[in-house]
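Asker: Below is a structure I'd like to ask you about.
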Amino acid sequence: MNKLSSSAITTTWLAMIIIVLDQVTKYWANTSLTMGEPVAILPHLNLTLVYNYGAAFSFLSEVGGWQRWFFTALALVVGTALVIWLAKLPKRWTLEVVAINLVLSGAIGNVIDRILAGRVTDFVDFYIGSWHYATFNVADMGISIGAVLLIISEFWLKPRHEKKAHSTEESV
């Protein structure tokens, strides 16, 4: 059997679903919302169309345009590394595989925006009182949730599994 078909790379359909959801919701936001005007959805949650020309929390958003290509290149490098990582994992659903797919989908979703529009469309606005968290999108949710799951997988679950495997080897 082909090495790629027996690897977790075949799970990238999860990333594709998130990418499509991200792009559809961004299209909806761009065609249905008015820039900067919040639409109340729930207490503490608005939909507010904003454009991010930088990175997370609008980091480097006002430095002249070079950041578009810098963050595009960075996301492509990270995305390539994630695909290689998936290709080396066995074909089965683990927390690590789900996490990598979520981060990959978020990176690709935001790269599509940067390439096509030179900016990322954000529209989910969470707030408490007058404090507003950075406005975000579905791709950002994928990156954030995937990163948390990857940390849990790599630093809590894998070490436990490795300790258990090591203690089993010692008892033999």
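Here the Cβ of each residue, glycine as well, is placed from N, Cα and C on the backbone.
Not measured: the values here are computed from a predicted model.
In case it helps, Swiss-Prot gives these features for our protein:
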TRANSMEM  4-24  transmembrane segment
TRANSMEM  39-59  transmembrane segment
TRANSMEM  69-89  transmembrane segment
TRANSMEM  93-113  transmembrane segment
ACT_SITE  ASP122  active site
TRANSMEM  136-156  transmembrane segment
ACT_SITE  ASP140  active site
Asker: If I take the alpha carbons of ASP140 (active site) and ASP122 (active site), what is the distance between them in whole Å?
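Answerer: Just about 9 Å between their Cα atoms.
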Asker: Counting across all protein chains present, how many other Cβ atoms fall within 10 Å of the Cβ of ASP122 (active site)?
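Answerer: Within a 10 Å radius of the Cβ of ASP122 (active site) lie 22 other Cβ atoms.
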Asker: Do any residues of this chain, six or more beyond the ends of the transmembrane segment (136-156), have a C-beta under 8 angstroms from a C-beta of it, and if so which?
Answerer: 18-19, 21-22, 25-26, 29, 56, 94-96, 98-110, 113, 120-124
